[in-house]
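The ATP binding site annotation in Swiss-Prot covers 58, 59, 60, 61, 62, 63, 64, 65. The domain 'ABC transporter' annotation in Swiss-Prot covers 21-265 and rests on sequence analysis.
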């Protein structure tokens, strides 16, 4: 683990939140000292790199969702520390200074965020976060039409009730509310769960755009390996409360021993490549993300 200057008491307005987010030897236990005690994280460390898309994978109960909640202080580690842009949150910290600023910069989107909508209009729901953090109310409201456009909803939806929308539309509104806070990092827990294929594609396109055009760091927990292959710069593999592997999607998905251990099937393209390998055509050492990449590499081999 890299050495970090601890600045626990530094004013958060002085922190550069674009720097790496480091979880250093962190642990977390649910229902401590009860018959239901469960150690979700067990003295593990990792880094979420600047301007990267990082996907976190692993079976249910491996610690993925617990780990991402440490990034913005929603929960506090029992050991080690969480470091955000040189700002250290030591284990068992009771109160984080200026926690609103921290949560502005690191926006956490839970699975099924549409259940967090509560305002009477879409405009008020999207503007709620920025206004709550001190932004001028009119300025926050003025941004809403552009945010609706970004998440592919009509701009004239501003005065509609969010409860009139479909599930997928509600999720777009909820995501727009997080983006409205204009933080450096989006932390997403199963963001496309329950969406139809068109909705999934729209969301993945949006995350790619937020990373490439808006320079947002994206941290995404998902069980959808096709999405991981499509979007990830780096993949973190969790198992029984620990990080057991970190690598590019190409490195992770070409390691069948690892995938078998964590009981995860590779993306569909890699399933096809494993079948081809059994037929004597090995493409697993190629950096293949899309069906177009696959066709190009296969054509080279078959020439």
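Counting begins at 1 with the first residue displayed.
Glycine is treated like the rest: Cβ placed from N, Cα and C.
Around the Cβ of residue 61 (ATP binding site), a 10 Å sphere holds 14 further Cβ atoms from the protein chains shown.
Taking the mean position of the Cβ atoms of 58, 59, 60, 61, 62, 63, 64, 65 as the ATP site, the remaining same-chain residues with a Cβ inside 8 Å of that point are 238.
With respect to Cβ neighbours within 10 Å, the binding-site residues 60, 65 differ, and 60 shows the lowest count. Here the binding-site residues are 59, 62, and the one ringed by the most other CB atoms within 10 angstroms is 62. Within 10 Å of the C-beta of residue 64 (ATP binding site) there are 24 other C-beta atoms, taking all protein chains into account. On its own chain, residue 58 (ATP binding site) has 64, 237, 238, 239, 262, 264 as residues at least 6 apart in sequence with a Cβ closer than 8 Å to its own Cβ.
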